[in-house]
Amino acid sequence: MNSDHSTLKPSSEEVYSVFSKSSKAWIAFLVGLSGFFSPLSANIYFPAITHISQDLHVSLELVNLTITAYLICQCITPSITGDLADMVGRRPVYLLVLSVYFGANLGLSIQKTYVGLLVLRMIQSMGASRTIALCLSVIHDIAAPHERGKYMGAAMTGPNAAPSIGPVLGGFLVEKAGWQWIFRFLAILSGLNLVLMAISFPETGCAMVGNGSLPVSGINRSLLSCILPQYQTSEIATTAGQKPRLPMPNPLIALKILFKKDVALLMYANGVFYMNYQCSQSSLSSLFMTTYGLNALQAGLCYLPYGIACTAGTFLTGMVIDRDYRITAAAVGFTINKKKGDDLSSFPIEKSRLRSIWYFMGLLIICTVGYGWSIQTETNMVVPLVLQFLSGIGVTGTFNILRTLVIDIHPDNPATASATINIVRGTFAAVGVSIIQVLLDRLKTGWTFTLLAGLCATAYPLLLFNLKFGMNWRQERIMKGKKRNESRDTEMMPQARMIKKA
């Protein structure tokens, strides 16, 4: 049997993924828990800023610098690791980044200097920043297009809710146990996650296991499959020495993706909506404390409506995404193959995925404007909290739809495409968070959030362009890729004949 993993794809007789529904659910839970850490680490830190400043005898500006450093590393790390997960598999990269993250949290829990805090926060970010991109890649591996929305929604519940849960947890830990316990808590939780991943997370990368039916060895094999052979996904045997040498990861590929016309439009929309999201979350506690006279713990509780909405929104969006796929398939006469998965090269996936995004975007834009002016006019606190809840529904729907579409149009390198999302979102967020207080001071709350809503509105015409021309651009890329491969094969044929004669 030929086991050249670099060319593995499910054949016409194979299912899209051999993993059972229960296995897919467990995998989605594990990757969702892993993806929980990146946004949680950024937001659980906010209530501790003042206490850290006092304990380490440094200014608030220097403590805020650790937040900026965290966001910068969050942008840079995915570009450095590039397409590593597409090359060596998901499992080794997961174990690597979670080990780095776990070690950084242990160090943060015992360090007592500002330099130690700054350096370890950067290392913490490097470990956590890859988890969401890996999460999206794994969902692409195990879920066929017609069911991808459901699993995407389940896996993204944690990452979407973390920014709202983080400040509540952080405020409680700081008040009851001290800020060091923030990092001890993260170390305990990430350590548990690391153990679960090492024991039970199977390799899902298509470059290594195809549709999950090809066995692997070494670090790509879960401990559970070593102990209990029945947990292996297949009994297919491979011949020793047939595994190909994997190429070195290219850190520039994640950036090259940005130069695709349709992807650039999707990334811009991702970026401006994520900037809006981060600006809203980073300023929420201070706005509620100054406007309504709340203390830190009470202000932290104000994040809960957003978190509840994000959790509910992930499942709602998952159902909407899958429903839109079925509706679009029926409209164009496309037969959904639930067993093998669908070839999207001739399917209008842009039309399917973007079908309902306009409602989510519109809800978020309207609520953003209302939120800003309700705080500036000091209306009853219930009003901005309700608007935060509705914004959570809107932002979750927008993010999940855009994420799903990006990995849909990159079936060969979903991990790299997911890393590109992280780079763009992190860059926009870093810019937004760095200037939000300046905008609030100069424009006041109402006009600041009106400006943010206006930036989000600029994504509307760009996504309409994608809806109209995206499929044509994608098919042009596919044709160019085929021509390059044919040209390369033609050039290799004379060399192959010479080798054969020799």
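Positions of Cβ are set from backbone N, Cα and C atoms, glycine also.
All annotation found in TrEMBL is predicted automatically rather than curated by experts.
Per TrEMBL, the features are:
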- 25-46: transmembrane segment (TRANSMEM)
- 27-471: domain 'Major facilitator superfamily (MFS) profile' (DOMAIN)
- 58-81: transmembrane segment (TRANSMEM)
- 93-120: transmembrane segment (TRANSMEM)
- 181-201: transmembrane segment (TRANSMEM)
- 303-321: transmembrane segment (TRANSMEM)
- 357-375: transmembrane segment (TRANSMEM)
- 381-402: transmembrane segment (TRANSMEM)
- 423-440: transmembrane segment (TRANSMEM)
- 446-467: transmembrane segment (TRANSMEM)
- 480-491: compositional bias 'Basic and acidic residues' (COMPBIAS)
- 480-502: region 'Disordered' (REGION)
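When each of the listed stretches 25-46, 93-120, 303-321, 423-440 is scored by C-beta pairs under 8 angstroms to the transmembrane segment (181-201), 93-120 comes out highest. The transmembrane segment (357-375) makes contact with the transmembrane segment (446-467), as judged by at least three Cβ pairs under 8 Å among residues 6 or more apart in sequence.
The largest share of C-beta pairs under 8 angstroms with the transmembrane segment (381-402) comes from 303-321, of the ranges 25-46, 303-321, 423-440, 446-467. Counting residues 6+ beyond its ends, the transmembrane segment (303-321) has Cβ neighbours under 8 Å at 148-154, 156-157, 160-161, 163-168, 281, 284-285, 353, 356, 360, 385-386, 388-397, 400-401, 404 in the same chain.
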